[in-house]
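Everything below concerns the one structure shown next.
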Amino acid sequence: MLCLGIEGTAEKTGVGIVDEAGNVLSLRGKPLIPEKGGIHPREAAEHHAKWIPRLIAEACRDAGVELGEIGLISFSRGPGLGPALRTVATAARTLALSLDVPIVGVNHCIGHIEIGRLTTGASDPVSLYVSGGNTQVIAFNEGRYRVFGETLDIAVGNMLDQFARESGLGHPGGPVIEQLALKASEYIELPYSVKGMDISFSGLLTAALRKMEAGASLEDLAYSIQETAFSMLVEVTERALAYTEKNQVLLCGGVAVNRRLRDMLREMCQEHHVEFHMPPPEYCGDNGAMIAWLGQLVYKYRGPDALEDTTVVQRYRTDEVDVPWMRESEAGIELPPDILAKGAEANIYRGQWIGRPCIIKERISKGYRIPEIDQKLRSSRTRREARLINQAKGAGVHTPVLFDVDPDGGVMVMEEVRGTPFRDAVEDTELCSRIGEAIGRLHHAGIIHGDLTGSNIIIRGGDVVFIDFGLGRFSDEIEDMGVDLLVLKKSLESTHYALAGECFSRVLEGYGKIIDADIQSKIREIESRGRYTD
């Protein structure tokens, strides 16, 4: 059976034809290039209405098939621009009715992952999905693709486009910035904002525009924007990789064509001894083939949609969709024998300190980061982590005993905390409440952990011990407290979806015994700023 897929979530119209075996028979597309400014939803819809019929005819001709040989119609149901989505859905319904064939609406983001898996052979990767409208770190768990991290404000592609527009470089901004960066002479420091596995680009964009207004060269700014933003992207992917212990990384989405980002991610994968995958460039941007292939999968495992169920969903979350064709791989990361564990930031070794067993945490230099970013992060995070660990003890929170710290070398020597990671004990509701109280004590003391995941909370005997304060900081702002707790919530949802709701409710219950602020409202407010969250 042949499936014809129609893509049009934003400014690119795409049509593809794919058979049941995953052979791409044709791929046609037409982007909208605005004369000035960004993409207007109405103009995108008009563009799709004009080009969908033409591209369908061209795709059939390329595939050597008649339109009547198409057995299934698939279309992007969301997420995306409302007018654009509705135009695509109307075209898909009309075509399905006229051909008297079934129709399925599919998730655009999952389409990128599935065409990536199809074309690269990746089986169960951590996916970094980067485009104009989306920035997510995604991995499969418990029947769905879970979002382990994402932008808290604007997508990386949107950030690049906005800078290009404001600086007169035109649209799309990514390719122009990539070329300008090759001519740079120096790095200009810009905000580096990683919060657990989430990231923020708005501060980076604002700072870059101010530097431009102050006279900084566009070449240096282009280079600095890329190095800062892409280092953040690779770091959060690295964090998800360490957390999930998967052995593959897939780069997908329109920004994936950037050579510098590809090289940085490949370097990180080599450091972690895992596979790196990226689809061919023609499948990175929005395209009809990814929609057609996902349509084949959805139809095979779920069947067709009723016509009344083909409405569009502008804020269609990746983690709303069951993916019954996926299976979690049992393969994991194989580390060299001398490394006890490898986190996103550091290698962990066992050692001896004046005759006592200890853990050596070494923040190794990251080959994917330029020295100006790498050295600053390694030394500043080491200094800050040591202070946070010690001050947390003063707040009545258990943390490892520090034996020695070398900030310039990025090395910390501390006791080994042996116990059960919280991720393996989330069903214990009383424990969840006690963890909430401990987080409350940290926040009451002005300590933000920065990476509250189930791996960084250890249950040792009857004690709750917090480790890895590498992303921590000192703050008494309720915004930072909310983000800290949101990191924990998303970590729970990513790996224990069925238990996450009850567990996090108990965490907040315990937290409320220490902190009187309306933290739940703050968390909901922060969540509402994210991409495609209700």
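Glycine is treated like the rest: Cβ placed from N, Cα and C.
Sequence annotations record features per position, and here Swiss-Prot assigns region 'Kae1' to 1-325. If you look up Swiss-Prot, you'll see His108, His112, Tyr129, Asp286 marked as Fe cation binding site, on the strength of sequence analysis. What Swiss-Prot records for Tyr129, Val130, Ser131, Gly132, Gly133, Asp161, Gly174, Glu178, Asn258 is L-threonylcarbamoyladenylate binding site, and it gives sequence analysis as the kind of evidence. Annotation comment: Swiss-Prot describes 335-534 as domain 'Protein kinase'. The feature ATP binding site is assigned by Swiss-Prot to Leu340, Ala341, Lys342, Gly343, Ala344, Glu345, Ala346, Asn347, Ile348, Lys361. If you look up Swiss-Prot, you'll see Asp451 marked as active site, proton acceptor.
Structure coloured by features recorded in Swiss-Prot.
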residue	record	contacts (Cβ under 8 Å, 6+ apart)
His108	Fe cation binding site	Glu7, Thr9, Ser76, Arg77, Gly78, Pro79, Gly80, Asp286, Ile291, Tyr316
His112	Fe cation binding site	Ser127, Tyr129, Ser131, Cys252, Gly253, Met290
Asn258	L-threonylcarbamoyladenylate binding site	Gly174, Glu178, Gln226, Phe230
Leu340	ATP binding site	Ile348, Tyr349, Arg350, Ile359
Lys342	ATP binding site	Ala242, His272, Ile333, Leu335, Ile348
Ala344	ATP binding site	Glu235, Glu238, Arg239, Leu241, Ala242
Asp451	active site, proton acceptor	Gly196, Arg239, Asp468, Phe469, Gly470, Leu471, Gly472, Val487
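For the region 'Kae1' (1-325), the predicted model reports an average pLDDT of 96. Maximum intra-site Cα distance, ATP binding residues Leu340, Ala341, Lys342, Gly343, Ala344, Glu345, Ala346, Asn347, Ile348, Lys361: 14 Å. Listed in chain order, the extra residues whose Cβ falls within 8 Å of the Cβ center of the ATP site residues Leu340, Ala341, Lys342, Gly343, Ala344, Glu345, Ala346, Asn347, Ile348, Lys361 are Ala242, Ile339, Glu362. Remark: of the binding-site residues Ala346, Ile348, the most isolated position is Ile348 (fewest other Cβ atoms within 10 Å of its Cβ). Taking the Cβ of Gly133 (L-threonylcarbamoyladenylate binding site) as centre and 10 Å as the limit, one finds 22 other Cβ atoms among all the protein chains shown. In this structure, the C-alpha atom of Gly133 (L-threonylcarbamoyladenylate binding site) lies 31 angstrom from that of Ala346 (ATP binding site).
Within 8 A of the CB centroid of the Fe cation site residues His108, His112, Tyr129, Asp286, the other residues of that chain are Thr9, Cys109, Gly111, Ile113, Ser131, Asn134, Cys252, Gly253, Gly254, Met290. Counting every protein chain shown, 25 other Cβ atoms lie within 10 Å of the Cβ of Ser131 (L-threonylcarbamoyladenylate binding site). For Tyr129 (Fe cation binding site), the Cβ neighbour count at a 10 Å cut-off comes to 26, with all displayed protein chains included. The record assigns Tyr129, Val130, Ser131, Gly132, Gly133, Asp161, Gly174, Glu178, Asn258 to the L-threonylcarbamoyladenylate site; their largest pairwise CA distance measures 18 Å.
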